[in-house]
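See below for the structure under consideration.
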Amino acid sequence: MYSTECTILLIEIIFYFLAAIILYDMLHKMANSPLLCIAVLTVTLAVTSKCYAQNYGINVPITGSMDVAVPNKTDDQIGLSSTLCIYYPKEAATQMNDAEWKSTVTQLLLAKGWPTTSVYLNEYADLQSFSNDPQLNCDYNIILAKYDQNETLDMSELAELLLYEWLCNPMDVTLYYYQQTSESNKWIAMGSDCTIKVCPLNTQTLGIGCKTTDVSTFEELTTTEKLAIIDVVDGVNHKANYTISTCTIKNCIRLDPRENVAIIQVGGPEIIDISEDPMVVPHVQRATRINWKKWWQIFYTVVDYINTIIQAMSKRSRSLNTSAYYFRV
């Protein structure tokens, strides 16, 4: 950086030195030749008058007021340099029962500025398995999550899991006690049946309100859930208990937000709003809800508002194996 600045400074010094020599030579000649003096003054006055004249442009018609905000057209071309992934449940394709539905959706997105080669429609079997290995590989990722009251899956916890990066380590509760050290430190449990019980311990490793040798005295935090983000009192050791054959639990640290991921809840009585959750950073705007209709109507709505959704997101700025976030050790 410094070598470039020195080079520019040297060029400027040489330029001004040469300009001074030329000016001195011209003044010397003008002093000896009145005709040359008159010619130089005439050219100077002619050029100066053009510099201060009003420039109306050439062949540029002016209509209406010039005090108009000009929109930034570069935003309209975002699809030309970005990839878009839309993740949908298997039941969507089953209900639409149309072999050409993907082609139809991509053609509709083309009208919104997204080339067909930049759009990927990815199917997942169920939310629990998808959240376990999400494969969020596009510049922009939109997840359609259908609400099901019969599913033992908390949509707000699913949103928190997918909208943030996590660094996790496996927990061996048969050998060790565990404690959470900060607000961003959580335990994430996944499986077909996660019933988590804990017993808080004092400094002598004796149970607080429970017996470490009697699981029935443990405090039950979750019951038969498929996904649970568990928050206990920071700085206190806990002895945990769960059924290893139907559930896994990991000690995780919540990292930065995945700003290139958005979740759309399809149906359900409430809108996903994890900003109300004290466990997460507030003001998350990348989660919303669409009233449940037919899946064709859902996709039409997504296509119609695709660029509005994208504006609430940020393009992926670095290479990251997002699918491995839950299994990193």
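Every residue gets a Cβ built from N, Cα and C, even glycine.
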>> I want to verify the bond table. Which candidate from Cys85, Cys194 sits on the other end of the disulfide that Swiss-Prot records for Cys138?
In response: Cys85
> Pick from Cys37, Cys51, Cys252: which cysteine does Swiss-Prot list as forming a disulfide with Cys168?
Replying inline: Cys252
>> Tell me which of Cys51, Cys194, Cys199 Swiss-Prot records as disulfide-bonded to Cys247.
In response: Cys194
> Looking at Swiss-Prot, which one of Cys51, Cys210 makes a disulfide with Cys199?
Replying inline: Cys210
> If one measures from the C-alpha of Gly209 (Ca(2+) 1 binding site) to the C-alpha of Asp231 (Ca(2+) 2 binding site), what distance in angstrom results, rounded to a whole number?
Replying inline: 18
> Which one is closest to Cys85 (disulfide bond) in space, judged by CA to CA distance, out of the recorded positions Gln180, Cys194, Cys252?
Replying inline: Cys252
> What is the number of other Cβ atoms found within 10 Å of the Cβ of Val232 (Ca(2+) 2 binding site)?
Replying inline: 20
> How big is the Cα-to-Cα gap, in Å, between Cys199 (disulfide bond) and Glu219 (Ca(2+) 1 binding site)?
Replying inline: 6
>> What whole-number Å value do you get for the CA-CA distance of Asn241 (N-linked glycosylation site) and Asp304 (Ca(2+) 2 binding site)?
In response: 48
>> Spatially, which candidate from the recorded positions Asp98, Cys138, Cys194, Cys247, Cys252 is nearest to Asp234 (Ca(2+) 2 binding site), comparing Cα atoms?
In response: Cys252
